């Protein structure tokens, strides 16, 4: 009964003020529902976040990392990974069905949802129309832990096929550091030059790391 009564606090706060009013601890407690023997759910949620550093660290962790957290078994781990996958698919559907005008923040959040946690480098492209509305997005190339082979010709071929006018490039660094490499800068220059011949504009190239990102446009490189 103690765990259930303590869970009412986040629930009541959510119903009164909205889900965004909850702290990370309260939101996690709402999901966990119950604590463990001798530990209420809010305490358990607090300890989990402290152990993993943040919600990001928690949702991108592997099962082996949960072995030191008492009260978290396979079922809860599977549920947590399910939440992360739901978020990724939500952004996927939103981008595909709403065809929104992209803000820098929405673009970053979408790309983080798609590329965070990947064990290999993935290179993807968001294709936009002349009004910078999303037409579609595609994972065009996949590579190894620290390298992905990118072919500008294939990017342009796909853009022409769907009548795109602008592109946003993106790839991840599984190592966690989002700082672009020399190779990242060189391939970006190659893609931009190739696109110019076809009247295609590259708006940005965003590199996704672990909890961080680098935007070529924000740094003035595009």
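For all residues, glycine too, the Cβ spot is worked out from N, Cα and C.
Taken verbatim from Swiss-Prot:
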type	residues	note
DOMAIN	100-222	domain 'MPN'
BINDING	171, 173, 184	Zn(2+) binding site
MOTIF	171-184	motif 'JAMM motif'
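Feature map: Swiss-Prot annotations on the structure.
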| residue | record | Cβ neighbours (10 Å) |
| --- | --- | --- |
| 171 | Zn(2+) binding site | 26 |
| 173 | Zn(2+) binding site | 23 |
| 184 | Zn(2+) binding site | 19 |
Checklist line | DSSP residue counts for the domain 'MPN' (100-222), split into helix, strand and coil | finding: 37 helix, 36 strand, 50 coil
